[in-house]
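Colleague: First the structure, then my questions, so here it is.
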Amino acid sequence: MNATVVSLPLPTLPEGWAAEKDFKAIGKLTQEGSSMRTLEPVGPHFLAHARRVRHKRTFSEDDRIQAQAKAKKIEQDSDSDISEEEDPMLLARDAKDWKTQDHYKVLGLSKYRWRATEDQIKRAHRKKVLKHHPDKKAAAGRADDDNFFKCIQKAAEILLDPVKRRQFDSVDEEADIPPPTKKQLAKGNYYELWGKVFENEARFSKIQPVPGFGNENSTREEVEAFYNFWYNFDSWRSFEYLDEDVPDDNENRDQKRHMERKNANARKKKKAEDNARLRKLVEEAQAGDERIKRFRQEANAAKNKKRLEREAAERKAAEEARLKKEAEERARKEAEEKAKAEREAAKKAKEAAKNAVKKNKRVLRGSVKEANYFVEGEASAATIDAVLNDVDLVITKIDADEIAALAGKLNGLTVADEIKNVWKEEVSRLVGAGKLKEGDIKALVA
Amino acid sequence: MAESASKAAPGERVVIGITFGNSNSSIAHTVDDKAEVIANEDGDRQIPTILSYVDGDEYYGQQAKNFLVRNPKNTVAYFRDILGQDFKSVDPTHNHASAHPQEAGDNVVFTIKDKAEEDAEPSTLTVSEIATRYLRRLVGAASEYLGKKVTSAVITIPTNFTEKQKAALIAAAAAADLEVLQLISEPAAAVLAYDARPEATISDKIIVVADLGGSRSDVTVLASRSGMYTILATVHDYEYHGIALDKVLIDHFSKEFLKKNPGAKDPRENPRSLAKLRLEAESTKRALSRSTNASFSVESLIDGLDFASTINRLRYETIARTVFEGFNRLVESAVKKAGLDPLDVDEVIMSGGTSNTPRIAANFRYIFPESTRILAPSTDPSALNPSELQARGAALQASLIQEFETEDIEQSTHAAVTTMPHVTNAIGVVSVSESGEEKFVPIIAPETAVPARRTVHLDAPKEGGDVLVKVVEGSTHINVIKPEPKAKEDGETKEKTEDADDDGDFDDDDEEEEEEEEEEEKREKVWKIGSTLAEAAVRGVKKGAKVEVTINVNTDLTVIVTAREVGGKGGVRGTLSA
């Protein structure tokens, strides 16, 4: 907290001023109108204020805690990440056996391993050198004690050379995380346990970044991308580091070539084994992956849903077609029946009309007979014939209605003159209408 | 899932600050704690808040702005203030020359042809969809510049944004795959941009932030108390803004055009001609902010007639006087609303594009006393670019909180943390001036949020010895030293004669009279010693030493006073309960 400097003097203490502990409380802060206002939540000073309020710290407490936090951070940066206990067994190692040596452990980086940055390796190396340099040991009275120092130099040589480091990382079994056992899976989180394994294996991938194993909420795309990636895993892992030493003498060339061939074959074999191991790992993880089962079920459900929908649609269409057909059939039948009934009715009417005409004709013919063929006494055959011929001629000239009308007029008449008058009228009407010629009818109107 | 996927872990965030303005937007990021405004693909740092669709291609920023002439129907401008609003509270004035907002249920929509096919139906896009598309372009520009996908941002908003508008903005940003870490108010961002400069000293001051934008002006009075900002008053204005200045130029040049071309149609009545005038007027206005002369030329303004002219700054300032005076009144009203006097104002921060106009800053110079710093490019060479302030502030805030968990941010911005009691009166000690009078030395300024702690070093009496530390409350009042009575009499007689001449002019004259008086009046701020809070004694102070007085006010308004000799041991400590 910076103080503001004011260059105005304070008054001197008046004579006789006295108070307990030299402090006299007199007034109180004006609270009236001391308003609640809202601070703008912006800027470093506000954030400091927020920190104090949230953790209920006073100014000086917060200052102290912030200072401590800062100091701790610096210390961590420098040292804590590369301080490991040195195993006495390790210190006693023979530098000649560098092939079997754990370089990370030698440098005190066993918890980082392939994750260790170059900077960490350099710092770790320097730290070890400072401690184990043979000159220091010589100063302590142990001359020629440079065994572990050689181990350190070898470790640094390998780990600081990217090619050699990869070769070593390829065969660094300490870094491997074994796949979870069934027992572990039963207890722990499936995704977490396998996730760790794959995260670890991902260090061998030529393609970075590697998709994560995800969790139970991962989408289908994510899960599929994950398995596709791992089934097509492109690994840089190689096994040169485990090669047997090739004798370096020019005398036995055959022996040398034989060894080289053997090594090459061994590498190939190991690489194939490693690929198979990885594949098995992925298959194992996939076999137990609930997400895949769930996706399959969901896909099936979706497919079934589609099929059921299709079937329902088909059924519905068939039903509709059937109903339509039935309705058509019914309509056709109704129409047929109606037509039949109409035909029959027409036939009946026709027959009735025919009968009526016949009956009326009979009345007409009967009427002339009633009038005794318009002659006195016994009518001669010729007369009868002539009259009847005329009647028939009239009948042929008039239609059924007129016949009926005529019959109506004649019906009930018995007097010959009246009958004759009716006939005469009819004949003259017909002549007037031009249907008959004067003279065609003689006997009837005579 | 989608939502959580868009939220990057605190350690993996790539953050920027965004000013999402109604007329222009900016994006900024921080490099080594220094804010830097990012230029987009077109090289613009002020990116017009405009989207345009031509044959299915999306344009934004300056490119889209140019389409206001040729393709106004498929261009959306001035949509920030529509976001999260009901249709009935939307002011469509500025949208007249582009796509028009329409009502659709609870939403405000634009009907835009954004597909390439000739016969495609125009799409109905909600304003939040437009905002999302625009933000996506801003984030895209920033990501391209930084070479990393931007995940999160701090966005500035006006102080009068409603909760609904805030929610709509956050939702629109989320749809653009952008996590909003915090929405901060525009004036606070502007102050932060100044306070974060390495050369800045954090002191207690009253700041006026005049944010003069394209389509609105906001003036905010803030109390800055050791880097914490409390807003005392805000005024918002939709009358005096950059567009109003453009309009002055448009009218001026249209009249000139009509004079030069008798018989030509008025270009202001043809939408296309008006759009051309607008674009040119804005660039002329910008040129006038930089130099004293500017040209104005439009090809084929109307009926194939070209128009070219020039204007000098003086002429411009004359014709735009009413608008400039509007800005003056706005600032004065904000100070008045805060219950303060211009003498109380320590700093005026000019923000927003219109603040580049030299005349406005010069006018403000007259409102405030000499001691007030006017931070505008024309009055202060160390001033930052007013158009970039808010984006810088947002970027700085983003870098401060980028490693915070979302929960931490929420808790830190919670009302329980932000709403604090503020002391009403100043708290200070009594000192002795050269003339032997008692003089108030403020230690804690009024409107300081508690808890607060301040320390001052005061001189001890020359001869040393025992010293009295008298802690008192203090308040200010404005001492007005009237001009000499003779001058006043003159004024009165003058007034009388004028009055006799013409009754109608009486009011005007009266005002003039007052102005004259005010010019002659001497006004100064003086501290008045209020009630005594406590007395303490520091004994045996060495000759020429200094006395350190620390005052601590707690949340419950208890006061703790500590006084000791600088470098000395012990000292006095006492508590005043509330």
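Keep in mind that glycine also has a Cβ here, set from the backbone N, Cα and C atoms.
Keep in mind that this is a model prediction, so the values were computed, not measured.
Per TrEMBL, the features are:
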BINDING   B:Asn22, B:Ser23, B:Asn24, B:Arg80, B:Gly213, B:Arg216, B:Lys285, B:Gly353  ATP 1 binding site
BINDING   B:Asn22, B:Ser23, B:Asn24, B:Gly214, B:Ser215, B:Arg216, B:Glu282, B:Lys285, B:Ser289, B:Gly353, B:Thr354  ATP 3 binding site
BINDING   B:Asn22, B:Ser23, B:Asn24, B:Arg80, B:Glu282, B:Arg286, B:Arg290, B:Gly353, B:Thr354  ATP 2 binding site
REGION    B:480-527  region 'Disordered'
COMPBIAS  B:483-497  compositional bias 'Basic and acidic residues'
COMPBIAS  B:498-521  compositional bias 'Acidic residues'
Colleague: Which binding-site residues (B:Glu282, B:Ser289, B:Arg290, B:Thr354) fall within 10 Å of B:Ser23 (ATP 1 binding site) by Cα distance?
Modeller: none
Colleague: According to DSSP, which of helix, strand or coil covers B:Gly213 (ATP 1 binding site)?
Modeller: coil
Colleague: How many Å lie between the Cα of B:Thr354 (ATP 3 binding site) and the Cα of B:Arg290 (ATP 2 binding site)?
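Modeller: Pair distance, Cα basis, whole Å: 12 Å.
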Colleague: Out of these binding-site residues, B:Asn22, B:Ser23, B:Asn24, B:Thr354, which one has the fewest other C-beta atoms within 10 Å of its own C-beta?
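Modeller: Comparing Cβ neighbours within 10 Å for the binding-site residues B:Asn22, B:Ser23, B:Asn24, B:Thr354, B:Asn22 has the fewest.
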Colleague: What count of other C-beta atoms do you get within 10 angstroms of the C-beta of B:Arg216 (ATP 1 binding site), across all chains shown?
Modeller: 26
Colleague: Report, as a single number, how many Cβ atoms besides its own are within 10 Å of the Cβ of B:Gly213 (ATP 1 binding site).
Modeller: 23
Colleague: Whole-number Å distance between the CA of B:Asn24 (ATP 1 binding site) and the CA of B:Glu282 (ATP 3 binding site)?
Modeller: 13
Colleague: How many Å lie between the Cα of B:Glu282 (ATP 3 binding site) and the Cα of B:Gly353 (ATP 1 binding site)?
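Modeller: So the alpha carbons of B:Glu282 (ATP 3 binding site) and B:Gly353 (ATP 1 binding site) sit roughly 11 Å from each other.
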Colleague: Round to a whole number and give the Cα-to-Cα distance in Å for the pair B:Arg80 (ATP 1 binding site) and B:Ser289 (ATP 3 binding site).
Modeller: 26
Colleague: About how far apart, in whole Å, are the alpha carbons (Cα) of B:Ser289 (ATP 3 binding site) and B:Gly353 (ATP 1 binding site)?
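Modeller: Cα-Cα distance, B:Ser289 (ATP 3 binding site) to B:Gly353 (ATP 1 binding site): 10 Å.
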Colleague: If the ATP 2 binders are B:Asn22, B:Ser23, B:Asn24, B:Arg80, B:Glu282, B:Arg286, B:Arg290, B:Gly353, B:Thr354 per the record, what's the largest distance between their Cα atoms, in Å?
Modeller: 28
